[in-house]
Amino acid sequence: MSSDQEMAIFGEAAPYLRKSEKERIEAQNRPFDAKTSVFVAEPKESFVKGTVQSREGGKVTVKTEAGATLTVKEDQVFPMNPPKYDKIEDMAMMTHLHEPAVLYNLKERYAAWMIYTYSGLFCVTVNPYKWLPVYNAEVVTAYRGKKRQEAPPHIFSISDNAYQFMLTDRENQSILITGESGAGKTVNTKRVIQYFATIAVTGDKKKEEVTSGKIQGTLEDQIISANPLLEAFGNAKTVRNDNSSRFGKFIRIHFGTTGKLASADIETYLLEKSRVTFQLKAERSYHIFYQIMSNKKPDLIEMLLITTNPYDYAFVSQGEITVPSIDDQEELIATDSAIDILGFTSDERVSIYKLTGAVMHYGNMKFKQKQREEQAEPDGTEVADKAAYLQSLNSADLLKALCYPRVKVGNEFVTKGQTVQQVYNAVGALAKAVYEKMFLWMVTRINQQLDTKQPRQYFIGVLDIAGFEIFDFNSLEQLCINFTNEKLQQFFNHHMFVLEQEEYKKEGIEWEFIDFGMDLAACIELIEKPMGIFSILEEECMFPKATDTSFKNKLYEQHLGKSNNFQKPKPAKGKVEAHFSLIHYAGTVDYNIGGWLDKNKDPLNETVVGLYQKSAMKTLANLFSGATAAEAEAGGGKKGGKKKGSSFQTVSALFRENLNKLMTNLRSTHPHFVRCIIPNETKTPGAMEHELVLHQLRCNGVLEGIRICRKGFPSRILYADFKQRYKVLNASAIPEGQFIDSKKASEKLLGSIDVDHTQYKFGHTKVFFKAGLLGLLEEMRDDKLAQLITRTQARCRGFLARVEYQKMVERRESIFCIQYNIRAFMNVKHWPWMKLYFKIKPLLKSAETEKEMANMKEEFEKTKESLAKAEAKRKELEEKMVALMQEKNDLQLQVQAEADSLADAEERCDQLIKTKIQLEAKIKEVTERAEDEEEINAELTAKKRKLEDECSELKKDIDDLELTLAKVEKEKHATENKVKNLTEEMAGLDETIAKLTKEKKALQEAHQQTLDDLQAEEDKVNTLTKAKIKLEQQVDDLEGSLEQEKKIRMDLERAKRKLEGDLKLAQESTMDIENDKQQLDEKLKKKEFEMSNLQSKIEDEQALAMQLQKKIKELQARIEELEEEIEAERASRAKAEKQRSDLSRELEEISERLEEAGGATSAQIEMNKKREAEFQKMRRDLEEATLQHEATAATLRKKHADSVAELGEQIDNLQRVKQKLEKEKSEMKMEIDDLASNMETVSKAKGNLEKMCRTLEDQVSELKTKEEEQQRLINDLTAQRARLQTESGEYSRQLDEKDSLVSQLSRGKLAFTQQIEELKRQLEEEIKAKSALAHALQSARHDCDLLREQYEEEQEGKAELQRAMSKANSEVAQWRTKYETDAIQRTEELEEAKKKLAQRLQDAEEHVEAVNAKCASLEKTKQRLQNEVEDLMIDVERTNAACAALDKKQRNFDKILAEWKQKYEETHAELEASQKESRSLSTELFKIKNAYEESLDQLETLKRENKNLQQEISDLTEQIAEGGKRIHELEKIKKQVEQEKTELQAALEEAEASLEHEEGKILRIQLELNQVKSEIDRKIAEKDEEIDQLKRNHIRVVESMQSTLDAEIRSRNDAIRLKKKMEGDLNEMEIQLNHANRMAAEALRNYRNTQGILKDTQIHLDDALRGQEDLKEQLAMVERRANLLQAEIEELRATLEQTERSRKIAEQELLDASERVQLLHTQNTSLINTKKKLETDISQIQGEMEDIIQEARNAEEKAKKAITDAAMMAEELKKEQDTSAHLERMKKNMEQTVKDLQHRLDEAEQLALKGGKKQIQKLEARVRELEGEVESEQKHNIETVKSLRKHERRVKELTYQTEEDRKNVLRLQDLVDKLQAKVKAYKRQAEEAEEQSNVNLSKFRKLQHELEEAEERADIAESQVNKLRVKSREVHTKIISEE
């Protein structure tokens, strides 16, 4: 016991952990009468304290503490322990150990709130139902590193012991916290996790990851936070517990090599999902529902569309809605915080809450029945709308899927009607499935977060699983939970009791086996063994017409009255009906089987599951992502068949699989047990119900554990350790200087000590002590050490006293001497001579003293100086030391940094290598593109030079034309009289303008549509341009950094190679040493184990020999009598065998017919029913025959037993039999050696199989990786194809200048959209085909697993057969007869052998464990061997059946193999044809692509010409505006407007002609496109058909993959050659793909240039349209002005006539003549002004000609790609030159005419002065003639311009044609790329199929070889059996002859 000072470290928890010293002293001093103080049995309280009053006649009268007097029997009175044992911490230490002592010890400790108590090797805890301060941080610190006996009992002590064991023993640990529901298991689990998270912190923070803006917690925080989240979604209130875990969890906490936390993971078991939709009255659903509705977070209420009243929701309000001990609001905050700490994203958090809310809404969905129909229909859609909204589904689709689900019938899907109840059941199933899958997904996410990827070595597992449950209504969930607790209790018993006693047996300790009455095998076998409850349940689930009633009848038929643990319950009033009862270790439970079949199959509405998979909520879609495929394969089961092939896996099978995994994990660890106890049913703190606690103590094995500790030997020490430690007790017993064995020394030592010699035993390696004896030895050792130390101290004290005494004697003598001298001095000090001496003496020594002082001063100075120097030197050295230490630290930091930088550099080096490879590929691509661009540039340069030469010639011609035009313009003044004609023509122009206005509106609408499309494309182009610029910058940066990194990389590589070499050498040496060490350790352990086994077997067989000597003679005497009975039995057996074979044959025929007819019509189903009835009848007949044979065998066995009893004393030939037995013993030893070697062979084979399994798993992962890469490649190609198609559509839309073109291209776009949909459908089909391939691969793996399991079972069966046959001897024939008869009864089990192979493997393992535990005596050995013979005979038959099945399967494989080979050759031929066609298409694509590029250039030229035309229109508009400003020169302006109008009309006519031509061309191109498209579609369809055929072939190939065994090796060489050829083709296609990528990039650049040009063109088009509007307004204004001028002209004409008359009247008058001269002078001045204006116009026209020259230069650029038209253009140029020469001649004539006109004008002026009227009229006539000539010349010029424009249009047509050709090239290139991608994908699939077939081939051959070996061993075993029979007969005949 610790003192109060030692307990002070526990702080305020100390009073709750251990009694104080004062209480312990008071307890020891309390009066106590051991004779009268007792516990007495009492009906109400079970046991009470009392005092014995009297004892008479076996009766005891006891007075209780309450004052009552009881008279009971002696066995109902139990003595009390002394007061010092009150509240003892380890109940195994009590003097009197019985039920009342344990009960009251727990009760008294519980009353003092000490809730933890040790009970032998485990800990008992009682639920306090209140908070106690025993889990604080200071308590954790106090328990850290403490041994169990050094600290009070506590869960922290158990945890620390497990932690220390893990570190010291290097073994995984587990803590099993078990008990009934409500006992406190979950709380203790949390405390264990809290302890580990505190003591094993990593010391540094986990990397903080930012997820959705939130920072995650450390690993310790996350481990602790996992509990609140799991409790919110997995805990609920039950009748016995407010916070009951409705799921089991096994938490593994992983630790690193230093003992620090590394990671954690959680495995969950058996979530009670039925609680989501149903609760009892006193219970409630999971906490999360009520937390959300607590209104702590109103935003959740709003988001989930719910209220705060739980009664509004049917699923969560069937029981209670509040729990007093739980604050739902605070718990919601804790849950939300845990979600943050565990790193869930915001989307995941919202999804969790939304799915939870959707489950609540599901419960409120209402449905009703249609009138006059059974069909259900929704009763309102509001709730469904909310649920669908929360799950991102369509409400109408959800309701339709619920009411009208689609089910698969054969190969088709049909719509099925649902009744109202069926719909409600489906809704409930969906709600439970969503909640369960969400819970499992959360656990997976938590595990991902807790997996830190740190190195981990060992783990400590904490098991917290639902406790034993007994409710009013117990269903399948309760059976699973109780069965789990039953298995755990069995594990506890096995570990605590059986292993303990096996240890004694192994050590040779004599030990009486204790029967604890806790053998749970009967109940467990009733549930899980073949024909058990689970087996019958799964069998019923396979029959479509099975019901709960048929299930109950089968249970009754199989178990009622045959198993003591299975009973029929008694009906109870007021309770739900129960169908059967099971007697568990904790009590009898009544089970209701209602709905068990549906629960076990767990069906879901597949239509709704399909909606879930397509949900926009990613979390929901992920939860059900694999449901459809799994269910389709599983045949409607909950999970896809993992190990059962095509059969579905039920809930019970999945549960048993998980339970077996859990038990396997537990068996691989060192367990620590914690037992939780419920003190009372009312949850009252401090109260304890005696009967309840006693029941738990009995059922939990607590009392039995204490008893075995007391009766056993819990303390054990190795002999060497015992000798070393306790030699001090009697050193004389072990002689010094003489070697003596440690065991003998320990025996002598214990024999010489005064202890009870019955309290210890000597084993082979250890000495064993009963409880308490080791403590006594420790006390004796302490006493002995105290004596020795006392003696040592006495001698030391004596020695010190003698030393001190000697010193005292010496001091006394010194004092005597001093006293004598002082007395003498006192006598002589007054003498005169003495006084003189005193005066002179100092003077004599003063000189010497002065010298000495001077010397001393000098020495002092020197010493001082040296001291200063030393001090300075010391300081200097200290400074140096500090500097060196700092430098050392810096160097250490530098070394660490360099190590880190080296690691980083290595990572960067790897990344740079990858980057370098990528950049080299990019550089290579860029280099190739640059070379192509250089070639193109050189070609363009040559063309440019040639065109420049041609341009210079054209410039000369244009200069001549300019001179001619300048001269022509000078003649404009002669055209003034054409104003009238212009006025008439303007009316026609108005009509034309009106038409153009209408056309303009139509163009504006089309233009607006084009602008919208153009804007979208510009945005895309801008984005791509930015991305391109950014990528180019990145490439430049990477190229710059690459050079720097190369240098660093070279240095790092040299260092890395050196380090890698050193590391490799060190690792190899380390691995060699470790391997040698492990091998030696394993050999040593194995030898020790074999030695101990052989020793025990020798002893057993010695006893066996003695008994066999007695029994053999009895058996041999009885053999003769039994042989006669055997002959009769053989006759009956032959008859039964014949019947069995007939029935088996009929049964096989019926089974084959049933399998062939499975999925047939109703008539076939009826026939199956009849056959099943016949089968049942045959089975009953068979069972009756079996019962008869069993009765006969029982009679024989009874007779045999009687004869054995009668002949028991007839023993005479004992010695001869003994010699024979010794000989047989030696033979058995040899057989044991053979069996050991066989076991080693089996273990090696098992290891090889495990390696093979791992290799297959690696191959599967590689296949998955390849499949993902193929999928990514397909996605990239699809995206590229879609992008190119989009660009093609955009190019088409850019040419939409008219409404009609827009409609046509829209139809083209629709066609492209349909084509894209078709391609998507094709892609989906390919994906489905790949998924089918994956499923086929998975099924192949399943078949492989089944074969491997069959092989392992066969191996085990053979080994067990050999062991059994070596010991069965003469009884084999009799037992074989019995078990062959039993085999008839198990025909049905043989039919289900494939399904139950995995279960039999587990049974075999448990059987091996049972065999090892039951070798105590000969009778048990004989019984065990008989059981093994029985099982092995069944296994032999099953093995033969399996062999036959394998032979049949082999023949099928051979057939399928031949089919595959033929299909493979066909596929290869088709693949070569496809490759040839692909190459030809690629060549065509390249040609078309070149033509397409030329077309793009022509399109660019066309756009520039359009721009120039718009510029010309703009210039003309400006000229018209200038003409409007000169009203006073109306005639000249009219002439100019007429000319401009003519030009505009010509331009408009030309535009109309061009437009009509363009429309015709577009229609023609559209037709060509349609033709090309139809051709491509046809080719695509052909390729699709080929691809579909290939896919079908490949699907058949994959389905028959198991058949590609022997033929694949022969075709491997051909496949390798084909692979090389395909790789060459692949390289060619990759080159073509790179070229196509370059062409695509160039097309993208051209597209961007075209977009820029189109944008400029659009701007100019807008300006032209605005100018056209202005022109229209100006024309109207000019028309009005022309009318005014016409009126003025008429007035002038009238005035002229009047003047003429006046001139005739006053001709002689001078004044009139003078006025006339003045008028002529004015006219002359006007003509001079007109001349100047014409000169100005000529200068303007010259400027326009300069613009024309610029346009000609632009035309040079346009002619880059039109070299083919050069000849035509040259001819046209020649014609133009002729025209120009003609115009030159005309120009000269005109100049001459102008001179003549000038001369005539002068003469006219002179004549005008003279008044020559006739001359003026002649001049006017001449002017008209000249104007006519000028007009004809203008017309000729206009025709010339039209001809030139026609040629330009021809050039544009050629450009456009080239562009269209280039587009076609791109389309064909896309098609070729897609076909190449498909060819590559199928090539990879073929390679993968080949690899898989090779793997399967090797596996099959290996299995076949192993099967042959097994058959050989079986033959050997049969031969041994025959030998044994012969030997038995010989022995029998010898005995008879001797008698």
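Here the Cβ of each residue, glycine as well, is placed from N, Cα and C on the backbone.
Feature annotation (Swiss-Prot): of 849-871, 1033-1055, 1125-1147, 1608-1630, the stretch labelled region 'Disordered' is 1125-1147. Check Swiss-Prot against the ranges 314-336, 406-428, 659-681, 1763-1785 and you find region 'Actin-binding' recorded for 659-681. Feature region 'Actin-binding', per Swiss-Prot, maps to range 761-775 of the set 341-355, 506-520, 761-775. Put simply, Tyr389 (phosphotyrosine) is 40 Å from Gly184 (ATP binding site) when counted between their Cα atoms. Here the recorded positions are Ser181, Ser392, Thr419; the one with the fewest Cβ atoms within 10 Å of its Cβ is Thr419. For Gly179 (ATP binding site), the nearest of the modified residues by C-alpha distance turns out to be Ser1092; the candidates were Tyr389, Thr419, Ser1092, Thr1265, Thr1736. A Cα-Cα distance of 25 Å separates Thr419 (phosphothreonine) from Tyr389 (phosphotyrosine). Rounded to a whole number, the distance between the Cα atoms of Ser181 (ATP binding site) and Ser392 (phosphoserine) is 39 Å. All protein chains shown were included, and the count of other CB atoms within 10 Å of the CB of Thr1265 (phosphothreonine) stands at 10. In this structure, the C-alpha atom of Thr186 (ATP binding site) lies 36 angstrom from that of Tyr389 (phosphotyrosine). Cβ-based neighbour count (10 Å, all protein chains) for Gly182 (ATP binding site) stands at 22. Cα of Gly182 (ATP binding site) to Cα of Thr1736 (phosphothreonine): a distance of 114 Å. On the backbone, the CA of Thr1265 (phosphothreonine) and the CA of Ser181 (ATP binding site) stand 47 Å apart.
Mapped onto DSSP helix, strand and coil, the domain 'IQ' (785-814) counts 30 helix, 0 strand, 0 coil. The secondary structure of Tyr389 (phosphotyrosine), as reduced to three states from DSSP, is helical.
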